[in-house]
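J.: Here it is: the structure, laid out below.
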Amino acid sequence: MKKIWNNSTVLLLFLVFLWGASWPIYKFTLPSTPPLLFAGMRAVIGGALLGIILLKRLDRINWRENRRLYCITALFNTILFFGIQTVGLNYLPGGLFSILVYFQPVLLGLFAWIWLGEQMNAVKIIGLLIGFLGIVVVSLDGLTFHVSVIGVALGLVTAVCWAFGVIYVKKVNHRLDAYWMVSLQSIIGGAFLLGTGTVFESWSDIIWNGRYLFGVSFGAVFGIPIAYIIYYKLINEGEASKVGAFTFLVPIIAVFLGVVFLGEPITYLLLIGLVMVGLSILIVNYRGNKELLSFRKTNNKIKESI
């Protein structure tokens, strides 16, 4: 009998927990810091820590040839994704915001079909529709009861920016070292966010307490170096489809932790929307066993699908 609790499964569950826990943790931290400075701080420190780990692979950066690519990935995956995400968390409960952002895997299926020519079958179309309806349900619930139009809009814009970022990475990943890409996009994007925060926010507004230090430390250590090392280890082991399928757990974990530790509100409509979005992610990312075996044999490229 195939062993269920192998190392890959344990790593995957830990990774999904990190992703899910990040939303309530960042929400918990925001009362102590302006959002752009917080996003920039954790990105720069996290990217630098990952860069230190990668010093033996310094020759793989190829900065002169790839600097434009690094800057574009920094724009979508750090400046827009981290920046809008952190600002948006000021308007929404962390769990609800994560549901909106995790419409991204569903959008990714649509964008990959349009721009990359990836297959779109009836099952995936059904998954996209279920996800869209789930977002409508969640948005209506939020707008009716306890959140703002701005928060919902920022959540959806974050998802769109993230999806565009992943699409771009899929197009250029054969030219970049995946780990250095994460490190440099974090440093470049984080530096831009810190600069923007310095202009429009105030460093004196940061409260250097345990709450702030915990949030920055979690984002800089677990959110970037550890999460991405685990992520690409799983991808290299041929677990791309499993990682994609398990992302449906991320908003569920975020909602649960937000309710338990932050007292965030939960309603029937929110639960219905959460289930619909989770189901859509599962459907859109599902691959049959034959496709997975083919992937393991032929795909040696690192793909970013989360």
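Here the Cβ of each residue, glycine as well, is placed from N, Cα and C on the backbone.
It should be emphasised that the depicted structure is a prediction, and the values quoted were computed from it without experimental measurement.
TrEMBL lists these features:
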- 10-139: domain 'EamA' (DOMAIN)
- 37-55: transmembrane segment (TRANSMEM)
- 67-84: transmembrane segment (TRANSMEM)
- 96-116: transmembrane segment (TRANSMEM)
- 123-140: transmembrane segment (TRANSMEM)
- 146-169: transmembrane segment (TRANSMEM)
- 150-285: domain 'EamA' (DOMAIN)
- 178-200: transmembrane segment (TRANSMEM)
- 212-231: transmembrane segment (TRANSMEM)
- 243-262: transmembrane segment (TRANSMEM)
- 268-286: transmembrane segment (TRANSMEM)
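Set these features in their place in the structure for me.
T.: A Cβ distance under 8 Å defines the sequence-distant neighbours of the transmembrane segment (37-55), meaning residues of its chain 6+ beyond its ends; these are 26, 29-30, 78, 82-83, 85-86, 179-180, 182-187, 189-198, 201, 203, 206, 212, 215-216, 219-221, 223-225, 228-229.
For the transmembrane segment (67-84), the residues of the chain that approach it from at least six positions outside its boundaries are 35-36, 39-40, 42-43, 154, 157-158, 161-162, 164-166, 168-169, 172, 175-176, 181, 184-186, 188-190, 192-193, 196, judged by C-beta separation under 8 angstroms.
Listed by sequence, the residues of this chain that lie at least six past the ends of the transmembrane segment (96-116) yet keep a Cβ under 8 A from its Cβ atoms are 20, 23, 27, 85, 88-89, 124, 127-128, 131-132, 134-135, 138-139, 142, 147, 151-152, 155-156, 158-160, 162-164, 166-167, 170-171, 244, 247-248, 250-251, 254-255, 264, 270, 273-274, 277, 280-281, 284-285, 305-306.
Summed and averaged per residue, pLDDT over the domain 'EamA' (150-285) gives 90.
If one looks beyond the transmembrane segment (268-286) by at least 6 residues along the same chain, the residues whose Cβ comes under 8 Å of a Cβ in the stretch are 95-96, 99, 102-103, 105-106, 108-109, 123-124, 126-138, 140-142, 144, 241, 244-245, 247-249, 251-252, 255, 305.
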J.: Where DSSP helix means H, G or I and strand means E or B, what are the helix, strand and coil counts for the domain 'EamA' (150-285)?
T.: 118 helix, 0 strand, 18 coil
J.: By DSSP assignment, list the helix, strand and coil residue numbers for the domain 'EamA' (10-139), in that order.
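T.: Taking the domain 'EamA' (10-139) as a whole: 113 helix, 0 strand, 17 coil.
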